[in-house]
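Structure, as structure tokens:
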Amino acid sequence: MKKISLLGSTGSIGTQTLDIVNQYPDQFQVVGLATRSNVELLATQVQQFRPEIVAICDESKLGSLKDAIASMDYSPLILAGEQGVAEVARHGDAESVVTGIVGCAGLLPTIAAIEAGKDIALANKETLIAGGPVVLPLIEKHGVKLLPADSEHSAIFQCLQGVPDGGLRRIILTASGGAFRDWPVEQLKYVTVQDALKHPNWSMGQKITVDSATLMNKGLEVIEAHFLFGMDYENIDIVIHPQSIIHSLIEVQDTSVLAQLGWPDMRLPLLYALSWPERIYTDWEQLDLVKAGSLTFREPDHDKYPCMQLAYAAGNAGGAMPAVLNAANEQAVALFLAEKIAFLDIPKVIEKTCDNFRDHNRSQPSLEDILEADKWAREAVLMAAEGLGTENKVVSLK
């Protein structure tokens, strides 16, 4: 029985993780739950899974959460704020922590879990993208396992099982192409929020669905792969694979290529991250290659996906630049979802923000440097958005 704490329990990753726990109660037990603000769903989860400790990041919701739990027949420890989430992450009984918090908000609780000696099932890619220079030394110092729980990096990790040290030659990340893979570039100026949220293959949260549409998601995954697997950026490629059956591939030194295949289902990488090195039997739909039909591939259109190149540039710049890229993207996507800027403005404000940070970058940033860069980038995006020409905006900034 593996005891786990779950950060971001009410989001897409969190609810799918709890589906796994519910299906395999003899394998996994939830001892900690944390979320940002969804009191109603968190209370339902507490009632079902009966964790020892619960936290809600939004401190204004603490009273509502306590009221919702008061009528239950047991009393978990209830906390609030960033420190409360960190306490869930470092909770003594947990062996593994699933990090499903969206964005850079997952960095500090993940560090808390690592410092407490917890293994990490990493579904929050921003932890490594922004904090890689700090997180990786901590992983080594505390001797914990860092297991990727997103589909692409789980696929790479699975393909690497049995590959000797030095055997990896190239990583090939597959991308669905997002909501606009079949749209002509000329039509992207007319994109609405509703258009961007129509992912063709995966069921995900709003932010990551927009990231898929811009291909920033894949660019961020390139940076994550660099940190996870120690691969130079020039040896990490992206290919559009519309069917999302091949979740990623590796090329080894003799040019053999290994791939991991499966229906697009986030539970698969989550289960592997929780159960590694074991393989647990599931009754989920098995992959039928005949039913899947043709598997096709094409090169990403650089004109359609400028965010992809911004990510490579930030990765190569190193230091705190990936943190700036990540924060700028989070802020830009939030503005787009709020209809404050247009879809095509997302890469514009990110590029301007990264350019303005270039002279302030440090090659070996501390955690404080990274957090400061994150804060600076969010403010810089707001300023860049204010300076956009009004002809490109969905509505003007308030």
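Quick reminder: no glycine exception, Cβ is built from N, Cα and C everywhere.
Here is what Swiss-Prot records for this protein:
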BINDING   T10, G11, S12, I13, N38, N124, E126, G205  NADPH binding site
BINDING   K125, S151, E152, S176, H199, S212, N217, K218, E221  1-deoxy-D-xylulose 5-phosphate binding site
BINDING   D150, E152, E221  Mn(2+) binding site
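E126 (NADPH binding site) sits 9 Å from E221 (1-deoxy-D-xylulose 5-phosphate binding site), taking the Cα positions as reference.
DSSP assigns E126 (NADPH binding site) to a helix in the three-state reduction. Of all the binding-site residues listed (T10, S12, N38, N124), N124 sits in the most crowded Cβ setting, with the most other Cβ atoms within 10 Å.
Highest local Cβ density among the binding-site residues G11, G205 belongs to G11, counted as other Cβ atoms within 10 Å over all protein chains shown. Of all the binding-site residues in the list K125, E152, H199, E221, the shortest Cα-Cα distance to I13 (NADPH binding site) is found for K125. Here the binding-site residues are D150, E152; the one with the fewest Cβ atoms within 10 Å of its Cβ is D150. H199 (1-deoxy-D-xylulose 5-phosphate binding site) is surrounded by 18 other CB atoms, counting those within 10 A of its CB over all protein chains shown. Spatial neighbours are here defined as Cα atoms within 10 angstroms of one another, and by that definition the neighbours of K125 (1-deoxy-D-xylulose 5-phosphate binding site) among the binding-site residues T10, G11, S12, N38, D150, G205 are D150.
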